[in-house]
Amino acid sequence: MKKAIKKGIKTFAPMALGIFFIWFSLSKFSSEELNQLWSNIKNVDFIWVAISLLMGILSHLSRAYRWKFLLEPVHIFPKFYNCFFSLMLGYLANLGIPRSGEVLRGATLASYEDVKFEKTFGTIITERLVDLIMLLSIVGFTSISQSDKIFAFFSSQNINPFFGGLVIITCILLLIIGFRIIKNSRLPLFQKLKNFIEELFKGMKSVFSMKKKIYFILHTFIIWGLYVGMFYVLKFAFPDTQDLGLEATFVAFIFGAFAMSVTNGGIGLYPIAIGIAFNTFGVSFATGEAFGWVMWGTQTGLVILLGGFSFLILPLINRR
């Protein structure tokens, strides 16, 4: 009973938070601002939306292909379509239950390719670590180049930016201590955890033993280039954002990236984050939020469409 309640809270709390943010942001708009929000969405240039969507699809294809390079060192040689559809199914799961997609993605590929889950999941952790490095690199570059804008925002919101760093460092230290306890313990439960973690590390070490490192690195830059690119090209879909520079794109991109980690797929909070980011560059909050809704809506719709298709097609193309 307690497990069911905890699972329900983990599933619905972020979604409820997202719905609250939708209500909260819209309630602060005047009727004129609401009309402006709707007008921006209604009059969007769909050619640029389509280009942004195409870049989103290409990023998913590149990510699925990159995954194959990580799997080869652990002697897993999957079919590309299984990698791609497992990836999209994982993205779909993340919209419902945060962080469940990585587990489902690894389990799906392990099931259809008849391999160990620990190894597939280990490569996903490696992939996420690489992506975290890329995200932190973008955050670092943007924080340095646009420090005046970012600190002005933190100051206006009475937020201490150094507090977040302290929390991250504390979590890392606790994680290290936890690993030490598991490693040295003789308890059966901890021994099972130790064996599981060792299998995970075998998957994670694949990045160092892969034969095609250069292609893995190339696809990593392609993926993140497409992420920023699909954000950048969408600015041409709105008259009021067409003149924004690449620096505004980077600031809004990292605001949106952090918003995605708070609620299910960024629901509710993502448009607010984009509105705040663009507002620091002189764009009205209504226009910025309209941009956020179009970006979030199209990319989420793409995930739902491809994820749903993956759910249906995977059993059919893997009939034995």
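Glycine too: its Cβ is placed from the backbone N, Cα and C atoms.
If you look up TrEMBL, you'll see 9-26 (among others) marked as transmembrane segment.
Marked as transmembrane segment by TrEMBL: 46-65 (among others).
The transmembrane segment feature in TrEMBL is assigned to 162-182 (among others).
The transmembrane segment annotation in TrEMBL covers 214-238 (among others).
Away from its own ends, the transmembrane segment (244-262) comes close to residues 14, 17, 135, 138-139, 141-142, 145-146, 149-150, 227-228, 231-232, 235, 269-270, 272-274, 276-278, 280-281, 283, 288, 291-292, 295 of its chain (Cβ-Cβ under 8 Å, at least six residues beyond either end). What TrEMBL records for 244-262 (among others) is transmembrane segment.
The transmembrane segment annotation in TrEMBL covers 269-287 (among others).
Here TrEMBL flags 293-317 (among others) as transmembrane segment.
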Sequence-remote partners of the transmembrane segment (214-238) [C-beta within less than 8 Å, at least six residues beyond its ends]: 40, 44-49, 51-53, 55-56, 58-59, 62-63, 65-66, 69-70, 130-131, 134, 138, 207, 244, 246, 248-250, 252-253, 256, 287, 290-291, 294-295, 299
